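Enquirer: Dropping the structure in here first, questions after.
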Amino acid sequence: MTTTQAAPSVPITTAPAPVPAGRPALPLTTRLAALTRSGLVQTVLIVAAVAWLVPTVGLLVSSLRPKQVAATGGWWTALTEPAQLTLQNYTALLGGGDVPEALWNTVLISVPATLLTVALAAGAGYAFAWMRFPGRDAVFLGVVGLLVVPVQVGLIPVAKLEGAVGLFGTIPGVVLFHVGYGLPFAVFLMRNHFLEIPAELLEAARMDGCGEWRIFRTLALPLAAPAVASLCIFQFLWVWNDMLVALIFAGNDSQPLTVYLQSQMRQFGSNMDILAPGAFLSLLVPVGVFLCFQRFFIQGAMAGSVK
Amino acid sequence: MSLRSPRSGRASGGALRRHRGLALLFVLPALLLLGALVVYPIGYSVARSLFDASGHRFVGLDNYGTAFTDHATLTAVRNNAIWVAVAPALVTAVGLVFAVLTEKIRWATAFKLLVFMPMAISFLAAGIIFRTVYDADPHRGALNAAAVAVHDTFNDRSTYPGAHPRPGGGLDRAQGGDITAPTSTRVVLLPLVGVQPGALPATARTAQEPAGGDGVSGTVFLDFVPGGGGHPGRLDAGKKGLPGVTVQLRDGGRTVDTTTTAADGTFRFGAAPTATTSVVMPAANFAAPYRGVDWLGPAFITPAIIGAYIWIWAGFAMVIIAGGLANLPRETIEAARIDGAGEWQIFRRITVPQLAPVLGVVFITMVINVMKIFDLVYIIAPGPVQQDAGVLALRLYLVSFGGGNDQGLGSALSVLLLLLVVPVMLLNVRRFRGSRA
């Protein structure tokens, strides 16, 4: 909320503000000053761009250097000796053992957690927007209140709860937790988007004798498709990137990639041949999603940053 | 997104009654999960925080007392305060600067994509990235490698770190590390030890006798014959010269001449010696090399992690602020420009005040976010300094699951975390009601 209201739908690719045409000719000193300033701006931004790029490039290059080579110097030495780079860390990592399984667990956790959250939130959001039931507004106010509850509050109690029903340490247990803490924002977002639909449209459908379920499925849901897409992307990345919840709720055979990599941190330095390619694999999917669905991603991230 | 009042409910009574059952079907699954996984845990945590680690003994507010007296937890509270005080303001400021500056360049889209991308990356991956960036060893950590490179560009690099004269060998080592041969003769031998033969530069040749003749000449050499033999302090066969050593001829406190040794360790000054001259090898020749900053040590760990946090979130701030900037009326700025206002004045007096609501949103979002910071600290801080870097959420995890095994204290910490966000919660609810009135 703190963000959602102010979140304008600006994709990154907005054009810079146009310079008004037909500006009167400026005196030379002013033009010189402007030139210096623009040089300064360019320099500052180039330095910033390098600072933002280098860490990730470093990870990529590190992930391509075999263990023996990595011990001989920093990753930047590979820039002058590209012969250092091989795919052997990746083939070793993906060839078997824990990483493919952890990667698969990540998928098994993130996909259901996303679909379930979005499905439940779409239904509830529609009901909060267009159906009448006792206490509707008060209950929704409660959902608004839950928006900022930190996941940390749920860790101990839900672990107990899931332990009691035998879900603790399983993939469904992790999924369930993510659904619970994804719901407040998801319901909030869906309800607000359903409200954007003109009442007359729904009224007309009702007049035509459409049932509420059919209206929801064939009219409301398609109209709210952009919101559904944003929500899917946001929730998917949230769960894919999660470490804390899985650290507690996943068992040894259900741990996702983040938890597996975390368990390798103890020998940091000596096992960069696992950590660097592992981390790079784990960020490939989010970055790919980001690049493909930029617009939705930014809307989702902006609206969801309250979490 | 609007928070307008619902416009539903105009359906006829019969339809409504039919709705009711269906409506329950729509909302109930979500509400049941919310109740069991979010609402119930709040109550459970409050209750559990009043009991001890075993969960059987009622201890009142003792756990909260512990939270503010226990050293590790107190450190966490203090660090959380530092995070909240520093990180949101920095992220907002960097985002603002980027948003304003990118309006003036052609490659704004590329820049924004680049800076926004870390948002998509998990804290774990970002943590691993920055753990390597901050590595103290300049042969592994990029930041220290850069620091060392910059340092060595502006300062002479010492050629023989740790080299020193043989004790009792006739050379003096001053307090500051200068090595002096107190001599007024024309020929001077400067034998040193403490250099690994393998660490000699490839250019080093067998040491030669000083050339003699006018002025002062001498040889700096490694007083060691590989394989043994030779006499200490003498120029025996097999001893290598030390090239590249800076040597000064001083008279009293004044430096008369400066030179550098050749491949065979020899050097020569034109000036003739007097009773007060001496040959000095300045300490800079032997100083330990600059190794950069210990970013992951106890002193710098929190600022270092905040740096990684800015790397992740500045793009988010930038994109939202740029969105606000695009919606600002251009007329005021143009008018000010025509009135002769400078860019800085426009920025401070017009842009920033007009952007205040957007800046506020970014700032508050970051505050909520920073209060719960966990992954980044857990990953970047190496085990031994984890306590120095500790924050509430990390402490909560360690206390309840990471070996502490005290879910009473853990629950108290989670209630504290919840209390920290209650003002925002109330603000949200009030705003929402206000928008419906």
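Using N, Cα and C of the backbone, Cβ positions are placed for all residues, glycine too.
Bear in mind that TrEMBL entries carry predicted annotations, made automatically and left uncurated.
Heads up, here are the entries from TrEMBL:
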- B:77-428: domain 'ABC transmembrane type-1' (DOMAIN)
- B:157-177: region 'Disordered' (REGION)
- B:21-42: transmembrane segment (TRANSMEM)
- B:81-101: transmembrane segment (TRANSMEM)
- B:113-134: transmembrane segment (TRANSMEM)
- B:308-328: transmembrane segment (TRANSMEM)
- B:355-381: transmembrane segment (TRANSMEM)
- B:408-429: transmembrane segment (TRANSMEM)
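Thinking about packing and proximity, how do these listed features fit into the structure?
Expert: Sequence-distant contacts of the region 'Disordered' (B:157-177) (same chain, six or more residues past either end, CB-CB distance under 8 Å): 190-195, 199, 201, 223, 232-233, 242, 244-245, 283-289.
Beyond the transmembrane segment (B:113-134), the same-chain residues lying 6 or more positions past its ends with a Cβ under 8 Å from any Cβ of the stretch are 98, 140-144, 295-296, 304-305, 307-308, 311-316, 318-319, 374-376, 378-380, 382.
Residues 80, 83-84, 87-89, 91-92, 95-96, 122-124, 126-128, 130-131, 134, 296, 301, 304-305, 308-309, 312-313, 316-317, 320-321, 323-325, 328, 388-394, 397, 417, 420-421, 424 of the same chain lie 6+ residues outside the transmembrane segment (B:355-381) yet bring a C-beta within less than 8 angstroms of a C-beta in it.
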Enquirer: May I ask for the residues of the chain that lie six or more residues beyond the transmembrane segment (B:21-42) and have a Cβ under 8 Å from a Cβ within it?
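Expert: Residues 418.
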Enquirer: By Cβ distance under 8 Å, which residues at least 6 away from the ends of the transmembrane segment (B:81-101) in the same chain are close to it?
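Expert: Residues 111, 115, 302, 306, 309-310, 313-322, 325, 347, 351-352, 355, 359, 362-364, 366-367, 369-371, 373, 391 contact the transmembrane segment (B:81-101) from elsewhere in the chain.
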